[in-house]
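Enquirer: Mind having a look at this structure? Questions to follow.
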Amino acid sequence: MATGADVRDILELGGPEGDAASGTISKKDIINPDKKKSKKSSETLTFKRPEGMHREVYALLYSDKKDAPPLLPSDTGQGYRTVKAKLGSKKVRPWKWMPFTNPARKDGAMFFHWRRAAEEGKDYPFARFNKTVQVPVYSEQEYQLYLHDDAWTKAETDHLFDLSRRFDLRFVVIHDRYDHQQFKKRSVEDLKERYYHICAKLANVRAVPGTDLKIPVFDAGHERRRKEQLERLYNRTPEQVAEEEYLLQELRKIEARKKEREKRSQDLQKLITAADTTAEQRRTERKAPKKKLPQKKEAEKPAVPETAGIKFPDFKSAGVTLRSQRMKLPSSVGQKKIKALEQMLLELGVELSPTPTEELVHMFNELRSDLVLLYELKQACANCEYELQMLRHRHEALARAGVLGGPTTPASGPAPAPPEPAVSEPGLGSDPSKDAIIDVVGAPLTPNSRKRRESASSSSSVKKAKKP
């Protein structure tokens, strides 16, 4: 005999665990079997939104009620595409082969085309797109009073306006169809100037007082110069084009060097200001009484630029901190400055990690900040001396070449290094005077020269700091 579990298995019913264990079938299981199936399938096909994905993006993929999106594009019956054409039950409108004329044509030509029978006798619909230019018309009296010109006859003016109406102010076509045998030979600019001059005169004469005039203006001189410049630009030789490109490249180099020089001067000015501010601060602290020293520090703290030495972080957070943490160099100090600072401290006989008492920490940080500031000043001074030496040498080279036109003056100071050979552009020929004049602005330094100069400046700054 079949049990309830067998019946449930045959009908593919899934109920609660209690019913399955007892083997009984409820009335709801037999009446609504599909609802339970859909509920079960919806529970198994739930997908969780990945972390980091927005809700709107996840909703575009699929929802909880649908299956996962297919890997390949598929065409289903759902969507905007319709399988069958929805034809109405109305009768088809009849079409008829009928003649028509275009109102835009003046020759009365007759044409034929298919058209709906209900539109028979109507005007040609595309005739409204035939737009014509309104060319002004003048009388004999107006011409004699306002439009008379010694360089133009009335017959020539009438011929110009007739061609303007025929060809809709296409002045290139007008110039091509102009009767140069009967009349004087005119250019396109002459035709335009005469036409717009007459239009402006007629607009001024026929204008109603108190209305805003829209007077056409044509500058024939500007148009002639523009075409002349275009012709010159088009007729350039390859050598001229290459020379212009070379000059543009040199101009970009000059501008880049100028910006770099301005930036270096600003950095140098910041360093000088920082050194003066630090010296003034030390002088004020020495003159101030010892009891009021901390109050003076908080009340009258001068504004020191960020480039002044080292800016140590302040530990003001809650919790236990070690005093030795204040002596750690910040990450903004590069490895090169750290090595130079350690070398200078060793030369001065100062320990790299002294006992972190309150007074020692404060004085040790100030000493390192002053040493870094001194290192930057020495480096900036070495850069300026090197650039001054290079400019002196270039000045001497130009004076010897006779480019400057003045007598050669011996440069004071150490003997400069030999000049670098001027590199000429390919295809332009060597022009030493032009290259020398352009390079006077200041040539960029090579990486090797920068490294040699920086190493020399660091060693010199250490030796000078060691001296009393």
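Just so it is clear, glycine is given a Cβ too, placed from its N, Cα and C backbone atoms.
Since the structure is predicted, the reported quantities are computational estimates derived from the model, not experimental observations.
Here's the feature list from TrEMBL:
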- 1-11: compositional bias 'Basic and acidic residues' (COMPBIAS)
- 26-48: compositional bias 'Basic and acidic residues' (COMPBIAS)
- 258-267: compositional bias 'Basic and acidic residues' (COMPBIAS)
- 124-202: domain 'DAMP1 SANT/Myb-like' (DOMAIN)
- 243-401: domain 'DNA methyltransferase 1-associated 1' (DOMAIN)
- 1-48: region 'Disordered' (REGION)
- 258-305: region 'Disordered' (REGION)
- 403-468: region 'Disordered' (REGION)
Enquirer: Quick one: DSSP breakdown of the domain 'DAMP1 SANT/Myb-like' (124-202) into helix, strand and coil?
Expert: 48 helix, 2 strand, 29 coil
Enquirer: Per-residue pLDDT averaged over the domain 'DAMP1 SANT/Myb-like' (124-202) comes to what?
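Expert: Here the mean pLDDT over the domain 'DAMP1 SANT/Myb-like' (124-202) amounts to 91.
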Enquirer: When the compositional bias 'Basic and acidic residues' (258-267) is classified with DSSP, how many of its residues are helical, how many are strand and how many are coil?
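Expert: Split by secondary structure, the compositional bias 'Basic and acidic residues' (258-267) comes out as 10 helix, 0 strand, 0 coil.
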Enquirer: How many of the residues that make up the compositional bias 'Basic and acidic residues' (1-11) does DSSP mark as helix, as strand and as coil?
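Expert: Its residues divide into 8 helix, 0 strand, 3 coil.
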